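Residues annotated as active site in TrEMBL: His347, Glu405, His409.
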Amino acid sequence: MGMSKRTALLSAVIVTFGLGTLYLGLNMKTPRPTKDPNSWDILIFTQTWPNTLCYSWKSHNASHTCNFPSDKTIWTVHGIWPTKYGTEGPQFCNKSLVFNPASIYGIQDKLNQYWPDLEIPLSNTTEGNSSSMMTSHKKESIWFHEWEKHGTCAVVLPALDSEFKYFFQGIEWSETYNMRDVLAKSNIKINSTLNVADYWKAVKSVLKTNSWVECVFKHDTKEQLLSEIRICFDKTLRLIDCDGIMKPRQGSSKKSHILTNCDMKKPILYLDYVPEQNISTTANSTDSNSTSTNSNLTNFNSTVDDKEWDILVFSQSWPYTFCHTWTVNSDTHTCNLPANRNQWTIHGIWPSKIGSFGPAFCNNQTTFSLHSIDPIIPELHNRWTEIKGSKTWSKKREGDLWKHEWIKHGSCAKSLSALDSEFKYFKQGLDWSKQYVLSDILEQGGIKPNGSYPVNQIWHTLRTALGKNPRIDCFYESGTNTPYIDEVRLCFDKTLSLVDCDPFRRNSNKPSTNCPYDKNIHYLGAVV
């Protein structure tokens, strides 16, 4: 059947336009950031508007409270993040650099003022003045978290090579570049309703550099709230443009780096109060550098409707790679490996929106009933296994991993009748695990544990067997940068039919992966 040149050209334009949207969304979400402490270019200094963060925190659980600084007009520090241009991380660079709370004893009062732990569960404290808060040594402390995740990578700079230096630098930058003062100098006041271009212009007029502006979306009113502003420094701690911290948007003849997640056409609310929650909707969760998870520059801020999604991503993990990452720098971490030593385990079934992220936590009223999956628990132990263990954990409740996956992802997937209960959701994962046995598929292509193979060999083996394009995710060993196969992801539409994970990529014959093309990928052998 013939096709006119005009029709062919139009088709090519449409496909090219769609390409960047999906590929960028999938590709930015899935790679695990490197742990190489030398693999970064700039420092991102992120400041948060506390009222918006409190709104997001309360949206997860109405019982959550917020620990505001004594001066409620001040912007607080979120973190100092070593970052490689165009990607994420590095993160968690050295597990041996354990956070020592005594090192920040002398600056604790200033940290409570400029870098407070705003997100406090109800059992820890009550909403109020952070000056009365005692330093938390628990893992959920923002200081512990930021040091472990980012400070251990920043230590390659002599100026940031200790807890004291790292946190004191944050205090100094907050005092020098606090966004309250920067915006005020450009006559932007609290309760303004300007657009993102106004904020870019304001920061640049004062600091002479380009900044990142972050929004959170209020779904009941479709409004966007001013959340964070990020400024950037080079390795000499000199203020520089943030250009290049985001992957380029593709799909047009000219690539562009847009330094925001905000809707550029809508006003941004800079409020002097915490907006009320509407329990019938879910706030837009930023899987950011808070005490839960982080995606640094690609924070989970999806489109206006957090509940919309297009495909299901079914992710399976190679447990021996995961075990290696969990235990490599720890004497106490242990692994709960599946009984079938050749079994890839399920990570999750994730509703995902083409060209964006998530959704996640679609209904904060969703609960989890372990009893509802009693008939399949033995199979879940082998195929949907909680690998993480520790000699120091005195008690760990059965089903914590399953509860997490159901609340975060199942609450969105249950919009399908085929997945509208815990039993259906987890049973579907088991069915797919048995239908798409990755160890058998890979063996068909001569790919076996204890070997190393080009990513093209792995990807084309999977593609040939599946008839659709998967995604492959690698873990990179700290120091050596050695790549290990970590996860394989298959995609399904809402009829539960297998589909390509990358339908709009320009070259569909090239692997969708974060693995290198110029190195063999290690496929760790089973631990006996």
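Indices start at 1 and increase along the chain as displayed.
Cβ atoms here come from the backbone N, Cα and C positions, even for glycine.
All TrEMBL annotations are machine predictions without curation.
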- Message: Taking 10 A as the limit, how many CB atoms besides its own sit near the CB of His347 (active site)?
- Response: 22
- Message: List every residue in the same chain as Glu405 (active site), at least 6 positions away in sequence, whose Cβ is under 8 Å from its Cβ.
- Response: Gly348, Ile349
- Per DSSP, to which secondary structure element type does His347 (active site) belong, with helix, strand and coil as the options? strand
- Message: Given a separation of at least six residues and a C-beta threshold under 8 Å, show me what packs close to His409 (active site) in the same chain.
- Response: Gly348, Ile349, Trp350, Pro351, Ala360
